[in-house]
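Annotated features, as they stand in TrEMBL:
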- ARG213, ARG214, GLY215, LYS216, THR333, SER555: CoA binding site (BINDING)
- VAL569, HIS571, VAL574: Mg(2+) binding site (BINDING)
- 50-103: domain 'Acetyl-coenzyme A synthetase N-terminal' (DOMAIN)
- 111-510: domain 'AMP-dependent synthetase/ligase' (DOMAIN)
- 563-642: domain 'AMP-binding enzyme C-terminal' (DOMAIN)
- LYS642: N6-acetyllysine (MOD_RES)
- 1-24: region 'Disordered' (REGION)
Amino acid sequence: MSQDANGSTTTAAPGSDGAGNGDALENLLHENRKFAPTPEFAANAVVGAEVYEEANADRPAFWAKQARELLSWDTDFTEALDWSDPPFAKWFVGGQVNAAYNALDRHVENGLGDRVAIHFEGEPGDTRSYTYAQLTDEVKKAANAFESLGVAKGDRVAVYLPMIPEAVITMLACARIGAVHSVVFGGFSADALRSRIDDAEAKLVVTADGTYRRGKPSPLKPAVDQALSREGHSVRNVVVVKRNGEPVDWHEGRDHWWEDTVGAASGEHTAVGHDAEHPLFILYTSGTTGKPKGILHTTGGYLTQTAYTHKAVFDLHPETDVFWCTADVGWVTGHSYVAYAPLVNGATQVMYEGTPDSPHQGRWWEIVEKYKVSILYTAPTAIRTFMKWGREIPGKYDLSSIRVLGSVGEPINPEAWMWYRDVIGANAGKNGEKKDHPAPIVDTWWQTETGAQMIAPLPGVTATKPGSAQVALPGIAIDVVDEAGESVPDGHGGYLVVREPWPAMLRGIWGDPERFKDTYWSRFEGMYFAGDGAKKDEDGDIWLLGRVDDVMNISGHRLSTTEIESALVSHPWVAEAAVVGASDETTGQAVVAFVILRGDAVNDGDATVAELRNHVGKEIGPIAKPKHILVVPELPKTRSGKIMRRLLKDVAEGREPGDATTLSDPTIMAQIAQSLKK
Ligand code: ATP
Ligand code: MG
C-alpha cells in the first residue's frame, strides 16, 4: 500500500499543498497485473518505442512529419504550429488540404480502388459493401447534389442519420466542398435537434425516413418535421435517405429524396484544398456533466492526429486488417474513428446499424466472425453488458481474427478489462479454444474536445495494465497536477491537464470564445484543463479516476468514484456500479453506491448490501465502504453509454434531477427514485 492509501497522511485544505499532496485524490485501488507484448507482435508493430523520443525532441516537428507522411497536401504548410495567441492554436500554417480527397480519391489514384472501404451490416441483415472507388463516386455525387441545393464553403449542414453509409458519405461530401457538418445523434429529440440547428444556423438537414431498432422500424423524419415546424430557422432544404420505407410527411420544395438528388447528380467533382484551419465540423459533447458544448474542429491538425493515432494505437496494417469501431457517428468516436481516420488510412472497416441484441445477443460476435474483424474498438458500457449476458454467448463464435482490442468513453474497470481480454481477446475458435497470447487491449483516453486519442498504450511497445490508459501518446504533453498546478509525483493523484497544444485540439466552442477560455484554460495558467481526475502510479502510468465534478470528500479524504466502482464490479454478483458522494452531516460527504446485479445473482436485501460493503472494505479499505448501497434495475446513461452520476447525486441528495436531455432512457430516473423510497 502507498502511504496515502492507509489514510495516514494528513489531507490539507483545498488550495493548499501542505503535505506535498495538496487536496489530491487518494490512491486506493491496487492493480499489479501487467501484460507485455509478445516478441512477434512487437517485431511486426507499425511503430516502436523510438517514437516517444523522436516526438519529445521536437513536438511540432514530429507532428509536421506525420502530417506530410499521412496526408496529401495541395499546398505544403510553412509552419507546423502558430501558438502566438493562446489558447487559439493554428497548426500547419498556410497548408491546403482536402479531407475527402485524402479519405477517398487518392487511394483510387494509388490503385486501391477495389479495396473495400466499408462493409455495412444493416440491423435486419441486409448488407452493402463499398469499395474505395464506389465510395469516392458516391461522395462526389453528394457533393454535387449539396452544391446544387445552394450549400457553399463555410455553410453548416445538420446531419441526423442512423448508422448507415450515407452518414459517412454526407460528412465527407460536406468536407469536400468545405461545408461544416454538425452531426446530431439520431436518438435525440426534435428539441435537441432544433437547438443544434439554431446554434449552428444550418442551411441543409440530411436525414432518413428512419432506421431499425430491435427489429422494428424507428422513425427519424418526423423529428425533423417537428424541429422545423416552428418558424425562424435557417434551414432551406432537407435531403431524405429512404432506409426503412415507412410513410413520411412531405414538404414540397423543401424536402428531397436522396435518390432523386444525390442519385441523379454527376459523379464528376474535383476536390480543391481548403486551408488547414478551415472548420471541418461542429459536434456537441455528450452532456455527461452538464449542458452540451458545440465543439469546433478544423481540418489539417485533426486529420493528422486522428490518422496517426489510428495507425499507431491500433497497429493498423491497412492491407490486411478489418477494423470495427462500434461507435455511432453521432459521437466524436464515430467521427474520428469511423468517418475519417480509417478512410484516410485506406483501411477496410465494418459499420453496423443496430443494437447488440438484435436479433440475438450474439449479433456482434456473428459480425466479427463473418467479416474476420481484426481490430475491435468499443466502450466499457458494452463490455459490461456482455459480461452481464454471459461468456457463453461470445464463446459460440470464432473470434480468432481479433488481434487488437480498444476501449473508449469511460474508465474501464480492471474486471471488465480482464473479461474483455479473456473472453474476446483469447477466443481462438467456437469450440472454446484459447489463444496462448490474447490480443492486447488499448484503453484510449480522449474527449470530443481533444478530437483524437491522447493517452493510450502502444500495443507493440507498452506492457498493458488492466484499467489504465497509461501513457501519453507521442507528441502529447499530458500531466497530472495538484490544486496549485504543480505536477504531482508518481504515486499521487490530481487533475488531468494537457501542457502543450496538440494538432487535433478543439479550436473553440462554436460562437463562444469566452466560454472556450473559461471552461478549459482558466483553471490552470497555460494548461488545458480536461475536467477529469487522474493519478500517476509508482511507474508513472496514468489512471483515469472519473470527473473532477464527481470526486468525493469523505472525512477529508478525496476519493474517486471510479476506484470504488471498480471494487464493486470485481465482486462476482455485480454487473455495474455507479458511486456518488452525497452530503452527510458527520462525514461531509458519504459514499452512496447504485449497483446492478448480474443475471444469476440473487438480491437478499440487507445481506447482499452487507456483503458488498465488506467487499469494498476488503478491496480498498474501510474509508471507501459505501454508507448506502442501492440495488437498481438500471443506471442513468447518456445516449453514448456513459453513466450520468450527477443525476444520481441529485437523487441521493433529494433534489430534482438536473438537465437530462441526453439521457438514453428518460424513465430510468423515476425507477431509481422508486427504489429509493422502499
Ligand atoms: P460533457 O463534456 O458534455 O459532460 P462528456 O465529457 O461525456 O460530456 P465526451 O467528450 O463524449 O463528452 O467524453 C469525454 C470524457 O469521457 C472524458 O473527459 C472522460 O471523462 C471520459 N473518457 C473517455 N475515454 C476514457 C477512458 N479511456 N478512460 C476514462 N475516461 C474516459
Ligand atoms: Mg466532457
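Quick reminder: no glycine exception, Cβ is built from N, Cα and C everywhere.
Ranking the binding-site residues THR333, SER555 by how many other Cβ atoms lie within 10 angstroms of each Cβ puts SER555 at the bottom. For LYS216 (CoA binding site), no same-chain residue that is 6 or more apart in sequence has a Cβ closer than 8 Å to its Cβ. Once Cβ contacts within 10 Å are tallied over all protein chains shown, the recorded positions ARG214, LYS642 are led by LYS642. Counting only same-chain residues six or more apart in sequence, the Cβ atoms lying under 8 angstroms from the Cβ of GLY215 (CoA binding site) belong to GLU123, PRO124, SER358, PRO359.
Residues GLU415, ALA567, LEU568, SER570, PRO572, TRP573, ALA575, ALA577, VAL595, LEU612, HIS615 surround the recorded Mg(2+) site, their Cβ atoms falling within 8 Å of the Cβ centroid of VAL569, HIS571, VAL574, which are themselves excluded.
Here the CA atom of HIS571 (Mg(2+) binding site) lies 30 Å from the CA atom of THR333 (CoA binding site). For ligand 1, the nearby recorded positions are LYS642; that is, of ARG213, ARG214, GLY215, THR333, SER555, LYS642, these have a C-beta under 6 Å from one of its atoms.
Of the listed binding-site residues, namely ARG213, HIS571, the sparsest Cβ surroundings within 10 Å are found at ARG213. Counting residues per DSSP class in helix, strand and coil order gives 25 helix, 27 strand, 28 coil for the domain 'AMP-binding enzyme C-terminal' (563-642). If you average pLDDT over the domain 'AMP-dependent synthetase/ligase' (111-510) in this model, you get 97.
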